[in-house]
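Read through the structure below, which is laid out as structure tokens, and then see the notes.
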Amino acid sequence: MFTKLATKMFGSKNAREIKRMRKVVTRINELEEQFGALSDTELQGKTAEFRRRLDEGEALDSLLPEVFATVREASRRVMGMRHYDVQLIGGMTLHEGRIAEMKTGEGKTLVATAAVYLNALPGKGVHVVTVNDYLARRDAEWMGKLYRFLGMQVGVVASGQPPEEKRAAYQADITYGTNNEFGFDYLRDNMAFSIEDKVQRGLNFAIVDEVDSILIDEARTPLIISGAAEDSSKLYQAVNALVPSLEKGEVSEEGESSGDFTIDEKSRQVELTESGHEKVEDLLLGQGLLKEGESLYSAANLSLLHHVHSALRAHHLFQKDVDYIVQGGQVVIVDEHTGRTMPGRRWSEGLHQAIEAKEGLKIQAESQTLASTTFQNYFRLYDKLAGMTGTADTEAFEFRQIYGLDVVVIPPNKPIQRIDYNDLVYLTQEEKFHAIIDEIKDVTAEGRPILVGTASIEASELLSMLLKKARIDHKILNAKQHESEALIIAQAGRPGAVTIATNMAGRGTDIVLGGNWEYEVAALDNPSEEEVARMKAEWTERHNQVLDAGGLHIIGTERHESRRIDNQLRGRAGRQGDPGSSRFFLSLEDNLMRIFAPERVKNLMQAMGMKKGEAIEHRMVTNAIEKSQRKVEGRNFDMRKTLLEYDDVANDQRTVIYEQRNEVMASNDISEMIDTIREDVVDSVVSEFIPPQSMPEQWDVQGLEAQLQSEMAIELPIQQWLKDDNKLYEDNLRQKILDAIVAEYKAKEEVAGSEAMRKFEKQVFLQVLDTLWKEHLSNMDHLRRGIHLRGYAQKNPKQEYKREAFNLFETMLDTMKRDVTRVLCHVRVQSQEEMAEIERRRKEELEREMARAKLRHEQASAAQAEGEGDDGQQGQQATPETFVRQERKVGRNEPCPCGSGKKYKQCCGKVS
């Protein structure tokens, strides 16, 4: 109540922000006449002037009015498009590092130009992130004319580009590309052999188009570069053959389970019942996969249990043409949010292989992670991040909490005239689809175009079949027609046109009422002026006809899990003040209604005694459905937040390793770091056999000599030293051993030459670090997938994960120090030629690895987000050795035992 009263008195925060920015727009408008009087050369000279003023210490913000006036005038001259006032407000929002919510058709592509140009002036680069390669190329070509006119360089990054092209694109002032490509280039750069092999420069400023799609819908799906691991295709096929023998059961209200397994559709998980467990054991025994007397739940057979669960999920929870399609002998995932296919992506936890076995396809080998990150952590690396979309306000809390981004709702240039009708709810899907066909007939009879949004490919093809039966001409747009997508959506506004689209396929292309005449002109070879004029006149007639009839009508065939995706579908109508309308048709058999809608909605409809073909239309029902959606959105947010909390642990470690790697690559001399590492390792080895503050009787001198020969390749007569000098105490002995090892190393360096040795040290450090980091990622995956079991021991899985991950990381760093020292002490470096040969071989190995590697934007299942499931790869994981500490562990914040006076973590506890 008080909040509403305060908002009424002082206006909402959003309204105050818009009011503040309108004052700046007034200043930009005052400059319009002055900048309009400049010649092209004078206008183009503004870029050099702005850069000079920045060099002299002027702030970007103080340049903003003049810069925006320059871009507006240049856009008017080059593209014939003048920025509206609200588009300038959108540009300011982006410059301030926030999200601009602008309705469909408000010209988001043009909005970005002013902010992009302003932030490109310092010369640190601006990344414009789009959802697909087509939009990246289109926008770079379209808006590139404006930027090039103003003297800016524009680049595009795409998959499959040679490194030289990519490097040039990243060196440009403005770089366009997809979220996947930017993310994978970041990972590849951190696997690079040298600084020269990297393609990206610093991550300065990114503007993310369709920011909700990239930062929210795809946030649960990590970017992974992986290499092939061991083949287990026969096991998948054998387990797949068992599934038809198992009977699906139900869980009664008393909690009793029938059948062999039960399904939880909310969490998309399966659970074996007691009888099912016994039946599976008998079947596995018959196939020779389980030995007599062994249990399916024993530690050795957990991977087998995982295979059974994956096969059951593949058969009963994942449907062909809904969750995936089979194309070219491969299972291709269909994005649940956009309806687009996602070639190259694979489900994790062995689920993808189980689906391949179900469909009788060749089973692709499981893989080992070489490098990974999430979009959440990648985009948080930018110094400044901004985004734009038509629908962000429903997710404003998540943008604020995870990315620190505020959402500003930009008012439309013209008031929205679209009418959003209440939902119509039917008892069955059959009745719902018949009602949709009737609605299509009625609306097209008025000469209005219709866009029908479906949630799956299966639904779009079923509707298409019904329309064919009714002899209604239509176009279908789903994941199977990527290439013709833009053309179909551009012509969806013609009078009487019927277009079926899965979710938001075709996003990024406007539906122009009357059709898009520019696309028709572009399809002709050298059209004459008369033809162009005729086509424009025909379009004007069609455009007016559709306007008079009431504009575009949107039909939603079911509600999505997110209100935002429903709003995106509605937003296709009523662009730029055009008339339009929308209505959703639902049934009690729809997924959202069946799984999440409250029982009272179903009971209410049945109590009303509804007859076949009748629908209920009431605001109460619509509100109840929206409440269900909010419940699902909250659940999905919790899952994304959980994933982020776990990935933050890995991200801290990733940051340390990548910073260390970059530091080593950028340096020509890491000898000081190597000396420190050697000293730590020698100290650690000596402590194993001569415990600190111990009596000589407790020393294992013979064991120490053997260990030094094994690890340091040096024979030291320590027993003889002790006989010759009875005053050789522990500290002096440690120093004498270290001096002898250093002297041996220096002698080796004199033979090879200092320059060759410096290069070799650098190569060895990077090679050891890369190998151990890959093993560490496998160990982290393994830990992550089993950590939820700690909950059964009344322990907090997240805290346990942090603790275990830190121990794994410490062990990895200790191992790295030992391995680097061991290799450097054992290898004899002879010449510069030998060094060049080692470098060449390592480069070739990295190239082979990258050629074999797969880039996966892996579809994380609900189980993964919750920390459930096991990947069935125990045999492939590099299990960390138990590290036995002979002395009290020094805390990271305690004084360093070396006596330097610094904290341990800032002294000997540091890698370098």
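Backbone N, Cα and C atoms are what each Cβ position is placed from, and that goes for glycine too.
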Q | Of the candidates Asp442, Asp473, Asp510, the one that Swiss-Prot places in the ATP site of Gln87, Gly105, Glu106, Gly107, Lys108, Thr109 | A | Asp510
Q | Residues near Thr109 (ATP binding site) in space but at least six apart in sequence (CB under 8 A) | A | Asp139, Trp142, Met143, Asp209
Q) So around the ATP site, Gln87, Gly105, Glu106, Gly107, Lys108, Thr109, Asp510 aside, which residues have their CB within 8 A of the centroid of those CB atoms? A) Met102, Thr104, Leu110, Val111
Q | Under 8 Å by Cβ from Gly105 (ATP binding site), counting only residues of that chain that are 6 or more apart | A | Asp510, Arg575, Gln576, Asp578
Q: Across all the protein chains here, work out how many other Cβ atoms are within 10 Å of the Cβ of Gln87 (ATP binding site).
A: 26
(Q) Say we define neighbours as other CB atoms within 10 Å of the CB. Which of the binding-site residues Glu106, Asp510 has the fewest? (A) Asp510
Q) Taking the Cβ of Lys108 (ATP binding site) as the centre, how many other Cβ atoms fall within a 10 Å radius? A) 23
Q.
If I restrict to non-local contacts, at least six residues apart, and a C-beta distance under 8 angstroms, what lies near Gly107 (ATP binding site) in its own chain?
A. Met81, Tyr84, Gln87
